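**Q** I have a structure here, written as structure tokens, and I will follow up with some questions on it.
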Amino acid sequence: MSQSSDFILNSTLSSVVERSTPDIAGFCSGYELRRHHHEHLANEGSLRCRTDWEQFIGPIERWGSCNPWEGHFGAVVLPFCKPERLAVICYIFEYAFLYDNVVESAAKSTLNLNTDNIALDETEYRTVRSILGTKQIQSKMLLELLSIDAPRAEVVINSWKEMISTTAKKDKTRAFNNLEEYVDYRIIDTGAPFVDMLMRFGMGIMLTQEEQKRIEPIVKPCYAALGLANDYFSFDIEWEEFQAESDKTTMTNAVWLFMQWENLNAEQAKRRVQEVTKQYEQQYLRNIADFAAGEGKENIKLQTYLKAQGYQVPGNVAWSLRCPRYHPWLCKEAASLLHQDTIQELEAGRKPQALEEYRSRSHSESDLSDASPTFWSGSCRSSARSSVSSAFGPPDKDISITPAILGDEHLLGPAEYISSLPSKGVREAFIDGLNVWLVLPDHRVNQLKSIAQTLHNASLMLDDIEDHSPLRRGRPSTHMIFGTEQTINSANFLLIDVMEKVRQLDDPRCMDIYLEEMRNLFIGQSFDLYWTRNGECPSEEQYLDMIRQKTGGLFRLLTRMMVQIAPVQQKGLETQLASLSDVLGEFFQVRDDYKNLTEEYTGQKGFCEDLDECKFSYPLIHALTSQPKNVQLRGILQQSRSAGGLDVPLKETVLSHLRQAGSIEYTEAKMGELMEKITDSVVSLEGETGSPNWVVRLLIHRLKV
């Protein structure tokens, strides 16, 4: 794979690594190896991740993606990554390498459900810290990706979600009958498609759905070669662990499988894996050549992408030759070399934040001895296997509703339907964010998420009936399928079911909180319904007060309950957190009003549906109060009440009046004001607690319009 002038890969970002043989340890014949000129940024990303890991999760127990000899994993696998994107991608690589055993083992710890409500025992604390820390780091990663390039970041996030949903269903102990079956499994297990999406993000490449379908069969041999090479180089350390653990009966490694399939010893099986890996490598080269000579002859974009993808193959092999992850006896020497390289970077004038933190730590808290591992010298002994997919666990499972004695299919049918519809997951993310400060055990967090989801679903079912709304999240509203009466019955049951869930929190004060906030919520809803039915336009302050009662009620309910049952009492934060909940509720509703007028949202819920429902939204209230003599606008709204809705031309006329009144800009300004309050509140809470909250920051970023 020599460089061709027909491609637009930026060769100034990396250099060819010269070698004396046409292959690399028997692999990669015909492949060119390159190393990124900005490798210090790759090391910076890894170092920053390790710093965050120690802060949010705990001591580092394993080696990551750095290699002082052949180069950082990201520097040799992604030699054409834009320099400004290399650090965050290598942060993600480092997280994936660190995650496998540390958080996995912590997640298997059993929570002591008999502990009191004042403090966590050690096992529970370590588990909660791992779960919270993982969410913090993942949120920080996503936030940085989104802030750099939101459209391509969304592609990465969607790939992440797909990987989670796919790998969660995979049986790690399954038996494989042949190589093809195993390769299909291993491609997903290693997270190769996800790494591919990270490469695209790094280069700023975006493929259409049609282009994605065209390249999938072309790149499959590349994915296969990457996974099998990983098996080859990681086998020795995995084999040692396998023999030491008597309870294991199988290995997810191609070398092991060839030992079983063909009755080979380990060395013979490794040679077989090398043979088939080389076959996949050469197949990928042929695929690229055939594409460039045939259907893709004029498609420089896809040729560039396929060429860049191919550089992962030699980069992965070269990195594997002496990476301490696969060769634990090299840990000490590698740590020393990386320490020297880091100091040289500082002396050369490159002083990013993480390197400064490294210098501070190396002068105080840690050294390079075995007794006190630095960022670089974590143990290499545990699970050397590289599996990006395992680093991103499946989403939390919701607590199911207890079946009724006489059968619950009619009672829960509407509830199950509304629960199956797409959801933004805002309230669940809000709980995760608050828990960074409150540190509730995971079973309590899941209980609160179940309360939030159940209560929200009940609210949606009743709201759609009261608003005469035919759509919910782009699908028919619940009452349009099950009928009004059955939907009301199901929603009412959910309110009772929530009371049972609150009771299970084992704190009587939580039931008081539930009743208080439910009363507030129903009062707020009563005003909304009254204004709509009687055509009485509220003032802006009245409307915002209604939002605080209604929309903010659920946020406030969750906040107060979390503070109440927090293992470390945080009563001093209750006022600040309640204020954050109120402002977030205001922003959420004003944002919803605004998005109801945009094409993106109306595709889900119906074009300007608020006008059909005769609801007074924030922009409409501004227009009516700022232009009290606008008889045309008032006439159209009266027509909506009489006719039960408006046709599209009349809705467009209303939008025109809103624009003329400056109501759209006024709403945007209000959202900006509320977002500033939210941000200030978060910064204040971070200062008060001493804990940065990347989960909340990511939530805020995703809510911005």
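Every residue, even glycine, has its Cβ placed from backbone N, Cα and C.
The structure displayed is predicted, hence computed values, not measured ones.
Below are the features I grabbed from Swiss-Prot:
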- D100: Mg(2+) 1 binding site (BINDING)
- D100: Mg(2+) 2 binding site (BINDING)
- D100, R186, I187, I188, D189, N230, S234, F235, D236, I237, E238, R325, Y326: substrate binding site (BINDING)
- K424, R427, H456, R473: isopentenyl diphosphate binding site (BINDING)
- D463, D467: Mg(2+) 3 binding site (BINDING)
- D463, D467: Mg(2+) 4 binding site (BINDING)
- R472, K550, T551, Q589, N596, K605, K615: dimethylallyl diphosphate binding site (BINDING)
- 349-366: compositional bias 'Basic and acidic residues' (COMPBIAS)
- 9-331: region 'Terpene cyclase' (REGION)
- 332-705: region 'Prenyltransferase' (REGION)
- 230-238: motif 'NSE/DTE' (MOTIF)
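I'd like to know what surrounds each of these features in this structure.
**A** According to its DSSP assignment, I187 (substrate binding site) is helical. The local packing around I187 (substrate binding site), expressed as other Cβ atoms within 10 Å of its Cβ over all shown chains, amounts to 20.
Counting every protein chain shown, 19 other Cβ atoms lie within 10 Å of the Cβ of H456 (isopentenyl diphosphate binding site).
Counted within 10 Å of its Cβ, the other Cβ atoms near D467 (Mg(2+) 3 binding site) come to 18, all protein chains included. Secondary structure at D467 (Mg(2+) 3 binding site), taken from DSSP and collapsed to helix, strand or coil, is coil.
Of all the Cβ atoms in the protein chains shown, 18 others lie within 10 Å of the Cβ of D463 (Mg(2+) 3 binding site).
In the three-state DSSP reading, R472 (dimethylallyl diphosphate binding site) counts as strand.
Assigned with DSSP, the residues of the motif 'NSE/DTE' (230-238) fall into helix, strand and coil as follows: 9 helix, 0 strand, 0 coil.
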**Q** Return the residue, from the listed binding-site residues D189, D236, E238, with the maximum count of other C-beta atoms within 10 angstroms of its C-beta.
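**A** For the binding-site residues D189, D236, E238, the Cβ with the most other Cβ atoms within 10 Å is D189.
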**Q** Across the motif 'NSE/DTE' (230-238), what does the mean pLDDT come to, as a whole number?
**A** 95
**Q** How big is the isopentenyl diphosphate site in terms of the longest C-alpha to C-alpha distance among K424, R427, H456, R473, in angstrom?
**A** 16
**Q** Tally every other Cβ atom lying within 10 Å of the Cβ atom of K550 (dimethylallyl diphosphate binding site).
**A** 22
**Q** Name the one residue among I187, D236, H456, D463, R473 whose Cα is closest in three-dimensional space to that of K615 (dimethylallyl diphosphate binding site); these are the binding-site residues.
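**A** Comparing Cα positions, the candidate nearest K615 (dimethylallyl diphosphate binding site) turns out to be D463.
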**Q** Tell me the Cα distance separating T551 (dimethylallyl diphosphate binding site) from D189 (substrate binding site), rounded to the nearest angstrom.
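**A** Answer for this pair: 41 Å between alpha carbons.
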**Q** Which are the residues of the chain, K424, R427, H456, R473 excluded, whose CB is within 8 A of where the CB atoms of the isopentenyl diphosphate site average out, their centroid?
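**A** Those within range, site residues removed, are S423, G425, V426, Q453, L460.
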**Q** Given the binding-site residues I187, E238, Q589, tell me which ones have a C-alpha lying within 10 Å of the C-alpha of H456 (isopentenyl diphosphate binding site).
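**A** Close binding-site residues: none.
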